[in-house]
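The following features are taken from TrEMBL:
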type	residues	note
ACT_SITE	A:Asp12	active site
ACT_SITE	A:Glu73	active site
ACT_SITE	A:Asp146	active site
BINDING	A:Asp12, A:Asp146	Mg(2+) 1 binding site
BINDING	A:Glu73	Mg(2+) 2 binding site
There are 2 protein chains.
Amino acid sequence: MSVEGLRVMGIDPGLTRCGLSIVQAGRGRSVLPVVVGVAKTPVGAPLPQRLSQLSHDVSQWMDEYHPDVVAIERVFERGNVSTVMNTAHAVGVLMLAAAERGIEVYQYTPSEVKKSISGNGRADKKQMIAMVTRILALAEPPHPADAADAFALAICHCWRAPMIARQEAIAHRVAASAAKSK
Amino acid sequence: MSVEGLRVMGIDPGLTRCGLSIVQAGRGRSVLPVVVGVAKTPVGAPLPQRLSQLSHDVSQWMDEYHPDVVAIERVFERGNVSTVMNTAHAVGVLMLAAAERGIEVYQYTPSEVKKSISGNGRADKKQMIAMVTRILALAEPPHPADAADAFALAICHCWRAPMIARQEAIAHRVAASAAKSK
């Protein structure tokens, strides 16, 4: 199944820095970069105001670039507790922005993304930046450097989308034939 | 400092069941119940849709009851990882709804609430329900039972609000006199 033309927004969630990217699936496994950036909110500001600012910035991206799908990193309980919780709060707001626009959301773990992009679930930051630069045929590595993860998430979804579409088609056929035989 | 008339929304955050309450501060330490309930979202539905439904339900409460302040339970990393993450995503959406309406948000840990209401940071569910019923002078315990936590959070804020107001007034005076002496 071809997903050519599919427009994917990759989100590396965070409250202080949130990586955002837009890519478009091309022929075969080719992926075209559209835009990449980072949405920031001030560390000292109250949490509700930071979430509101993030929601506003991400909504603007969605309304400007009209992605078909959002691919977002799944948050894990590792590292600093308050950072993890802030990131999880941010994910809630990011998913809400997508849901309000009818944009489908897929979540990927960091190792799923690494494995998909580099073949190695434990690839380091440098390898990932090199792979993203090569896949998107960029003249130089993405800037800012932490925006590379947002690109990687979007590429990961482009490459998985045909398989997801096949699985959904099979599930749909199974459900339809089960309904028919009733 | 009196907080008489202050209208507080207590939120016991959750994605499957989210406890909601509204109380109003009376004279001294008296607190008057206004309404209590639970916002639910279907377990099997996609996460973004569940967050969207929760956002819609809580926004309706805020627009109907016009709380001055939201008191919400602080999420901790305990129990089932995916439940904790879902609750943290829900908190992001709840805080956003408050921020969009200019409603201030305060977070309290479960032990802060228990200590404030019962004098014991480790009070059990039964003790908490009994205390909430007595403080609000309810004819019978709050229904549903898990809505009692939402009442407890709101009462906790009513009782802490005078101290918070005093601290903010002092901080304001200190800042003003520092600005004057420049």
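Cβ atoms are placed via backbone N, Cα and C, with glycine included.
A simple Cβ count within 10 Å picks out one of the active-site residues A:Glu73, A:Asp146 as the most packed, and that one is A:Glu73. In the three-state DSSP scheme, A:Asp146 (active site) falls into the helix class.
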